[in-house]
Amino acid sequence: MNNVLQFGLQSSAIYVAKFLVVPLRSLRVGSSFVGVGVGTRSFNKRLMSNATAFSINNSKRKELKIPGAAIDQNCHQMGSDTDRDEMGTLQDDRKEIEAMTVQELRSTLRKLGVPVKGRKQELISTLRLHMDSNLPDQKETSSSTRSDSVTIKRKISNREEPTEDECTNSEAYDIEHGEKRVKQSTEKNLKAKVSAKAIAKEQKSLMRTGKQQIQSKEETSSTISSELLKTEEIISSPSQSEPWTVLAHKKPQKDWKAYNPKTMRPPPLPEGTKCVKVMTWNVNGLRGLLKFESFSALQLAQRENFDILCLQETKLQVKDVEEIKKTLIDGYDHSFWSCSVSKLGYSGTAIISRIKPLSVRYGTGLSGHDTEGRIVTAEFDSFYLINTYVPNSGDGLKRLSYRIEEWDRTLSNHIKELEKSKPVVLTGDLNCAHEEIDIFNPAGNKRSAGFTIEERQSFGANLLDKGFVDTFRKQHPGVVGYTYWGYRHGGRKTNKGWRLDYFLVSQSIAANVHDSYILPDINGSDHCPIGLILKL
């Protein structure tokens, strides 16, 4: 054996020491191959084609066919007892495997029918496991004299061989059935029950390599399944083009569903119905939006046909307003701009309308609250429209006390004063996700600006408890719909967002709201526009 290794079509016996995996760079690629190792490392590895016929003496060889490992019946042959010592020497030499690249390891494992997921060290461990599991131990050696060959086969219920993923998910060696069918090859047909626990224990011990202990396929599959069951986060199959249709929430209730404007908006009002259509949008810098290649103000106006557009965070200076007015779309001839004078290029609000308002007011009329350009109020025939950009509590919640103790109360008083004469529509970026349904990760943002318990309680006390109705939540009580996705973590692609933008209306006109909706497909800002159709 050490001197000569012959391959041919004769009926003479061939003792194949072991199916030895070698680096792909030292092999010629063929449809299938058998690597043969002998005692001396200088002996060349040879490739054999599937077309070559092997005649092997059944009385002097053993086949061990492992489910999930055999690709071709002509491959993966075990050697005779006399070759096992030589094979042990080769198995101890791991340098060739260590030198293989990830691509070579994966290619080799695929040829063996072994799953190839994982990093390089995991692939090396898997390959070693396959080699080790094919070496008969002392008990197998002593028992080999009593039986010519033993074949362990997977139970197959009248179907083809499963794919690699199926093998992993259904516990590759079918241990869950509690026994394995053992069939004697060629001469004798013996059935022996193999203890599933013993096999699992043996596999686990074989997989210990150095400081790492690789769990068996059965244990890995079980662990993955249990972890998937434990996770509280639900993100359904995402749509690349419409990620907002994905229910994305860390702790969703069983009756919640994702907002889909294509299926959740009511039919249009009958022609001739008197109504007004208002849109609002935090543009996060108007100049930047107008330069955004995929944005067209004209196309947006044509598509939505809104009557009034409210903008927040325009970040314009007073000197920029006249230039911007020249770029407005024809028909929207009435625009009103409030800019920050205390901090340039900051905050700012605007109302752009094709309906001429009866009057316009900037700010709240109280000193100390009107220097950042956060409020524009327009009076129309049947309602007041307030466009506001509520102050963010900031990093470290530095402005939290100012917001809840001063700003929120001032805004509430301003609204209630106007409501004495007409119903009020309050819109804009209110910088508060009021309930857990309004934010992807409520538990992780309890001390984040916009979701603190103080801000949420103030939102309720100063607005909702004063008789104002959250129109979107009234129309969609169990729907997860976001209007803001941070740039930092790419939340828009996975629909991990917040609902910060609102239309709140006086209780007296809440029944006149035909539709309160979100337009998540509109890009150009970290917020998206929202709309309101109000019957007059």
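Note: Cβ is positioned from N, Cα and C throughout, glycine not excepted.
Now, the feature entries from Swiss-Prot:
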- Y389: active site (ACT_SITE)
- H527: active site, proton acceptor (ACT_SITE)
- 141-150: compositional bias 'Polar residues' (COMPBIAS)
- 97-131: domain 'SAP' (DOMAIN)
- 1-278: region 'Highly charged' (REGION)
- 129-168: region 'Disordered' (REGION)
- 203-225: region 'Disordered' (REGION)
- 279-536: region 'AP endonuclease' (REGION)
Task: Cα-Cα distance linking H527 (active site, proton acceptor) and the residue listed as 'active site', given in Å to the nearest integer - done: 13
Task: Arithmetic mean of per-residue pLDDT over the region 'AP endonuclease' (279-536) - done: 96
- [ ] Might you list, by sequence position, any residue in that chain lying six or more from H527 (active site, proton acceptor) with a Cβ less than 8 Å away from its Cβ?
- [x] W281, N282, V283, N284, D429, T483, Y484, L500, D501
